[in-house]
Structures are given as structure tokens and as C-alpha cells.
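Chemist: So that we are looking at the same thing, I have put the structure below in C-alpha cells.
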Amino acid sequence: MPKIVVVGAVAGGATCASQIRRLDKESDIIIFEKDRDMSFANCALPYVIGEVVEDRKYALVYTPEKFYDRKQITVKTYHEVIAINDERQTVTVLNRKTNEQFEESYDKLILSPGASANSLGFESDITFTLRNLEDTDAIDQFIKANQVDKVLVIGAGYVSLEVLENLYERGLHPTLIHRSDKINKLMDADMNQPILDELDKREIPYRLNEEIDAINGNEITFKSGKVEHYDMIIEGVGTHPNSKLIESSNIKLDRKGFIPVNDKFETNVPNIYAIGDIATSHYRHVDLPASVPLAWGAHRAASIVAEQIAGNDTIEFKGFLGNNIVKFFDYTFASVGVKPNELKQFDYKMVEVTQGAHANYYPGNSPLHLRVYYDTSNRQILRAAAVGKEGADKRIDVLSMAMMNQLTVDELTEFEVAYAPPYSHPKDLINMIGYKAK
């Protein structure tokens with residue numbers, strides 16, 4: 001009976017173990033998770049803080065006990081894999097409660113340790129990061145115990161924006177700072193103006209090109225020279241892959257600490273797979289490497305690895321498109337394809353349309369800005385982005401399907417988009433992009 005060891009019990013690891021059990025009722029499967037919780041909804045965490053998700057239990061999908069009862073898979077929380085001996089096929093595990101170490105053998109090893117939040121490194125009792133349910137509970141408890149009012153949010157990526165919105169909706173007074181003037185880097189820079197407009201509309205303070213110089217209790221000194229007082233600080237300054245456990249092994253890492261994998265999510269070492277935030281693969285529609293630490297990729301990788309281990313080696317990963325979306329107050333920001341800073345590697349043209357998300361005469365209409373970049377050599381779509389109060393998700397998903405099938409920008413004229421006055425136009429924005437490209 002083969003023994004399968006999984007490192008990490010959140011989206012990638014728990015899903016992969018579950019899929020293996022669905023296909024294989026006999027294997028011995030054990031998951032090691034270094035933190036308190038398994039199988040929680042990462043994407044729900046800002047909304048738990050904002051009390052949009054009113055009960056945190058809805059963010060916790062499984063407990064180890066429930067997981068074992070339903071799937072006969074052992075999950076050990078507070079157990080951190082700290083080393084891998086791929087020649088002996090063992091892992092070294094640290095019990096974080098007792099500080100004891102032991103070795104566990106494996107026939108197949110699945111690495112899904114995820115990523116950790118970066119920190120600016122200041123010693124402060126009021127500073128928090130948000131990466132898991134423990135962090136969420138700590139933030140919520142601190143707010144309640146200390147009657148928090150003023151919160152400094154550092155960073156302007158998706159998580160920071162979602163946290164800021166939810167703090168505001170909870171009735172607190174957040175302020176946003178970011179070390180550069182480039183916010184929400186997955187979007188085109190000039191399409192991010194609605195973020196600043198939404199902040200201005202609600203009189204939420206923000207400062208770009210600003211950084212913290214020192215923290216002394218509740219007194220924050222900024223590099224601009226300003227000194228302000230805050231009850232709480234939440235850092236959203238990016239993440240890094242949890243790859244320290246790899247250093248003892250023969251597994252190759254790239255210069256950023258990610259594990260390169262093939263189309264079966266195999267590493268360079270036999271019997272070891274890597275999925276989720278730690279793995280790097282490639283785009284589907286262009287020949288470029290891609291690291292896309294989002295939920296869809298982790299779940300897709302989990303399914304493919306499960307099939308491989310169960311004996312079906314015909315299924316391979318075809319690549320990422322990087323489809324992503326975020327809500328910020330009244331606006332939705334969505335994009336798909338290569339990142340803005342990767343476009344320079346192509347000879348491309350851009351075409352864009354701004355018009356109502358639905359028929360102009362139907363009430364509640366608002367502008368939707370849609371932009372498409374295409375390769376001039378073959379006219380295939382490289383990237384698309386959309387911003388608006390409604391309809392951005394629909395258009396980006398349609399364009400994602402077009403890119404998946406390597407359609408040209410000209411073929412967008414042929415798309416028969418569902419039309420009724422509350423939803424779109426007889427010639428939708430998708431069609432108009434195709435006509436304008438001609």
C-alpha cells in the first residue's frame with residue numbers, strides 16, 4: 001500500500017489529498033500542516049474581518065477530525081516539515097507544540113506549503129499581517145479588545161485593497177500608504193484611477209510614495225517626515241514562497257524561491273510534486289514562464305497530480321492565463337493574460353472601448369472600460385483588462401475563453417454575446433473590440 005505525504009493542508013494540499021482518495025481507496029495519506037487550521041477559505045478572510053461573512057465558521061471548510069471521518073486521511077496540524085531527504089524518501093517533521101522532531105517516509109511527496117506574508121520587520125505590538133485564519137482571528141480580537149478606530153493599511157495590492165474596504169465597512173477609519181505610485185500592479189496603471197476616486201469619495205486618506213521610518217507604540221514616523229498616531233497597522237506588502245524546507249533536498253528552485261515544475265507538476269526529483277503558491281509553470285497562450293498564486297491554479301494542479309498518482313498519466317497542465325478579479329467598493333477590476341510589465345516582450349497593439357455595461361436606455365447604466373492587447377504577428381490576444389461598476393467579470397471570462405482557444409482579436413466580432421437591455425448591447429463591447437481592431 002503506497003504512502004503519500006502531503007505538505008500543506010489548505011487549497012492545494014487538502015484538495016489533492018481529497019482527489020487522491022476519491023481515485024484510490026487504499027493508499028495511506030497523511031498531511032502535515034504547520035499552522036492551526038486546515039482547509040480554510042483564504043479569499044474569505046478580508047470579508048470575515050469586515051463582518052460581511054458574519055460567522056467565521058463559514059470560512060473553515062474542514063477540521064482534521066471531520067476530514068478523517070469523511071475521507072480517512074490523517075491531518076496533523078502544528079506539524080511543520082522542515083527538511084526533505086529525497087535520496088532516502090523521508091521528510092523531517094517538527095511538532096511545533098512539543099518541539100519534538102521525527103522522520104516520516106513517503107512513496108510520493110506532494111509539496112503545497114504555500115507562501116508567507118512579507119513583513120517590514122518593525123517590532124510592534126499593533127502590527128499584523130493577513131495570511132490565514134489565525135491572523136484573521138488575531139486582527140478581529142485586537143480590534144474588539146482595544147476599541148480600534150484608526151488603522152494604517154500598508155500596500156496597494158488586492159489583499160490590502162480588500163482589507164481596507166472591509167475595515168471601512170466595519171466602521172473603522174483606515175488610511176492607505178504605498179511605497180510607490182504604482183498601485184494594483186495586475187492592472188494597467190492608467191486603469192486604476194477609480195481606486196483613488198473611491199478613496200476620495202469616502203474621504204479615506206491615502207499617500208503614495210510613502211513609507212514607514214519608525215514605529216514607537218502608536219506613534220508612526222514616516223519617511224516624508226510626517227508623524228501620526230494609529231491604533232493598528234496591517235501590512236500587505238506581498239508574499240514569498242515557503243521554500244526553506246527545500247534547501248536540504250536536491251529539488252531545484254528558481255531565483256525567486258519557486259519550484260519549477262513540468263506539465264504534470266513533477267519537480268526535477270522523482271516522486272516529488274509541487275503545487276500551489278510554491279510552484280512555477282508557464283502561460284497557456286504564450287511561451288513565457290508564469291507564477292500565478294491564485295485559487296484556480298492550486299485546485300487544477302491538485303486534480304492533475306491526483307490523477308498522476310492514481311495512474312492516469314495522460315492528463316497534463318496546459319498553462320495559466322492568470323485570470324484575476326477584485327472588488328473595491330463600487331468598482332470591479334479584472335484582467336487576464338500576461339502582466340503589464342511582460343508586454344514589452346512582444347510586438348503588440350492595443351485596442352480599447354468604453355461604453356455602458358448594458359443598454360444606455362435601461363436604468364442604472366454605468367461606463368465599462370475594456371482593453372485588449374494583441375500580438376501583431378498572429379493577432380492573438382496577449383492580455384485583456386476591464387474596469388467598471390458592472391460587467392467586467394463577464395467580459396474578462398469571455399476573453400479568457402478566447403485566449404484559451406488561441407482565437408484572434410478579429411474573431412471577437414463573431415462572438416454571440418447574450419443580449420437583453422439589462423445586460424449588454426446588440427453589439428457588445430467584446431464585438432466592438434474586434435471591429436476596432438480591424
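Any Cβ shown, glycine's included, is placed from N, Cα and C.
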Chemist: Need a hand: Swiss-Prot gives Thr15, Gln19, Arg22, Ser39, Asn42, His299, Lys427 for substrate, which of Lys71, Lys327, Lys394 is also on that list?
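Modeler: Of the residues offered, the record points to Lys71.
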Chemist: Go through Thr15, Gln19, the listed binding-site residues, and name the one with the sparsest Cβ surroundings, counting other Cβ atoms within 10 Å.
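Modeler: Checked Thr15, Gln19; of these binding-site residues, fewest Cβ neighbours within 10 Å: Gln19.
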Chemist: For substrate, with binders Thr15, Gln19, Arg22, Ser39, Asn42, Lys71, His299, Lys427, what's the maximum Cα separation in whole Å?
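Modeler: Site span for substrate, by Cα atoms: 50 Å.
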Chemist: Determine the Cβ neighbour count for Val151 (NADP(+) binding site): the number of other Cβ atoms within 10 Å of its Cβ.
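Modeler: If we count other Cβ atoms within 10 Å of Val151 (NADP(+) binding site), we arrive at 24.
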Chemist: Between the binding-site residues Asp28, Glu33, whose Cβ has more other Cβ atoms within 10 Å than any of the rest?
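Modeler: Answer by Cβ density within 10 Å: Glu33.
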